[in-house]
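In what follows, a single structure is set out as structure tokens and then discussed.
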Amino acid sequence: MAGVMADFGNFTHAVVRAIPVSLAKEALRMNVSDVDLEKAQREHEVYVGVLKQKLGLEVIELPADESLPDCVFVEDAAVVCGDTALITRPGAESRRKETAAIRRTLKELGLNIVDMSDENATLDGGDVLFTGREFFVGLSKRTNQRGAEILADAFKDYAVSTVPVTDGLHLKSFCSMGGPGLIVIGSSEPAQKALKIMQQMSDHRYDKLTVPDDIAANTIYMNLPGKGHVLLHCTPEEFPESAKVFEKLKDHMLIPVSNMEKVKVDGALTCCSVLINIKAKI
């Protein structure tokens with residue numbers, strides 16, 4: 001497992017998808033809010049630019065599909081670990097067709113595809129936290145026990161524990177990995193309760209970084225050649241107090257990325273990419 005941890009956060013490729021015009025009015029959301037489409041598209045362009053230019057990932061950009069208003073949130077359609085991709089069965093019926101383009105792309109990249117074909121199962125990638133050592137799966141409005149069981153079957157090398165998500169859309173609406181063995185967690189009572197459950201269920205000890213705002217706890221951690229520890233996180237404009245907390249991570253290259261519009265339709269930073277580590281064939 002030490003070798004696996006050495007690879008944690010090491011990515012070579014990212015799959016992203018453009019924002020459809022239909023997102024503004026038709027994307028699912030827990031709270032009624034107006035989305036500035038042009039601003040959302042600009043934010044997304046910056047996000048993709050960071051992955052491509054700043055971090056040097058090979059970025060596969062899929063076109064938007066107007067019939068799928070939520071399609072920019074590619075994370076929910078697949079869980080990738082190593083050379084295996086589990087194609088999910090999203091909890092919202094209106095999102096089920098999003099998986100087709102993601103499946104095709106991941107197959108073209110040479111990943112081993114596992115399909116979630118059980119009609120009783122639901123799983124959104126936003127409910128899946130991979131720590132490098134194990135998986136935590138949020139049981140939420142979008143993900144059920146059967147979905148978690150199929151994930152455990154797809155990734156047999158890792159322990160899988162389930163965590164009830166009582167508040168918010170997904171498990172990663174209030175937590176993420178901020179580095180090897182470091183969980184970034186929101187300060188709300190439901191977030192702290194979920195963390196306690198994760199700590200109780202795990203054989204491993206995790207450090208924690210608590211931020212005042214739950215959604216600010218959704219970050220993207222990478223460990224990249226020549227760059228070291230990298231963390232994409234919220235901007236001071238969005239969450240000034242939470243942004244200050246990340247400054248404690250002195251060993252990280254910190255990259256604030258704005259997500260002010262997509263958050264209105266429950267989108268977080270991790271939602272907008274599927275990250276993959278494709279090892280060069282020798």
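Each residue, glycine too, has its Cβ placed from N, Cα and C.
Curation plays no part in TrEMBL annotations; they are all automatic predictions.
On a predicted model such as this, the values are computed, not experimentally measured, just so you know.
Sequence-distant contacts of HIS170 (active site, proton donor), defined as residues of its own chain at least six apart whose C-beta falls under 8 angstroms from its C-beta, comprise ASP124, GLY126, ASP127, GLY138, SER140, ARG142, THR143. Under the heading active site, proton donor, TrEMBL lists HIS170.
The active site, nucleophile annotation in TrEMBL covers CYS271. Shown in sequence order, VAL72, PHE73, VAL74, GLU75, ASP76, GLY126, LYS262 are the residues of the chain, 6+ apart in sequence, with a C-beta less than 8 angstroms from the C-beta of CYS271 (active site, nucleophile).
For GLU75 (substrate binding site), other Cβ atoms within 10 Å of its Cβ number 27. Look at TrEMBL and you will find LEU28, ASP70, GLU75, ASP76, ARG95, ARG142, VAL265 tagged as substrate binding site.
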Going by a 10 angstroms cut-off between Cβ atoms, which of the binding-site residues ASP70, ASP76 has the sparsest surroundings?
ASP70
When neighbour density is defined as the number of other C-beta atoms within 10 angstroms of a residue's C-beta, which of the binding-site residues LEU28, VAL265 has the lowest density?
LEU28
Which residues, same chain and not among LEU28, ASP70, GLU75, ASP76, ARG95, ARG142, VAL265, have a CB within 8 angstroms of the centroid of the CB atoms at the recorded substrate site?
ALA27, PHE73, PRO90, ALA92, GLU98, ASP124, GLY126, ASP266, GLY267, CYS271
